[in-house]
Amino acid sequence: MAGTAKTLLLVFLLAVAATSTPAAATTLTLHNLCPYPVWPLVTPNTGFPAISENTGRLDGAGRGLVSIRFPDSFWAGRVVARTGCSSVPSRCETGSAPPATVVQLVVHAEGQDLAAYSVSLVDGFNVPAVVSPQAVAAGGGQCPALGCAADLNAGCPRSQRVVGAGGGVVACKGPAGYFKERCPLTRTTATDVEPVPQRCFAPGELKVVFCQSAMVNNAAGEPGRIRTVVADN
């Protein structure tokens, strides 16, 4: 990750450590609704154990679905969708390095039964991604879906485009204002936060959806909920 993203992640973790605790979230589910395959890269932060071998491919159009168990202790890390990879994704067009959409996750933090999550576009964008707590018990707090359902590659300013081998735009470097206007429920600078409250207790699952169709308000009026088109496990 570039320096700005590392700074953002450090601020994110310090905020969690100061106010949060062991989350009941035990499962990370990744679901690919994009019309192309992705190769998820699940990376622990320094000092935390790996939870994925990062060699799997998720086929597109909803066929690619995988669940990974979080450790039973405090864990922090990030998820990126790589694209344009070979069968063994040692080389990919996007996702192995910026620009890339980064999902940040913290579970089982110390102090309270709390999970924390965000989607960062600080280092750019490659694939739409939304993170949504699932199986939240009654009284589970404020658990909005956060992220970006829009394809920011389509309208990326010409000077910020990353063009793939096939001639199409496969990633976008910015600018932050363009990202924030299209996807307000993301973090686009080192000091940026989402305009909705998040304090989510004991979700049984954190679900990351690539190419979610839309972000909409739910019946209770809470912003940021996603359409229920993702099958539960």
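Positions of Cβ are set from backbone N, Cα and C atoms, glycine also.
Since the structure is predicted, the reported quantities are computational estimates derived from the model, not experimental observations.
Taken straight from TrEMBL:
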- C85-C92: disulfide bond (DISULFID)
- C156-C172: disulfide bond (DISULFID)
- 1-25: signal peptide (SIGNAL)
Whole-number answer please: how many Å between the C-alpha atoms of C85 (disulfide bond) and C172 (disulfide bond)?
18
Per residue, counting other C-beta atoms within 10 angstroms of the C-beta, which of the disulfide-bonded residues C85, C92, C156, C172 reaches the highest number?
C172
Between C92 (disulfide bond) and C172 (disulfide bond): CA-CA distance (Å):
15
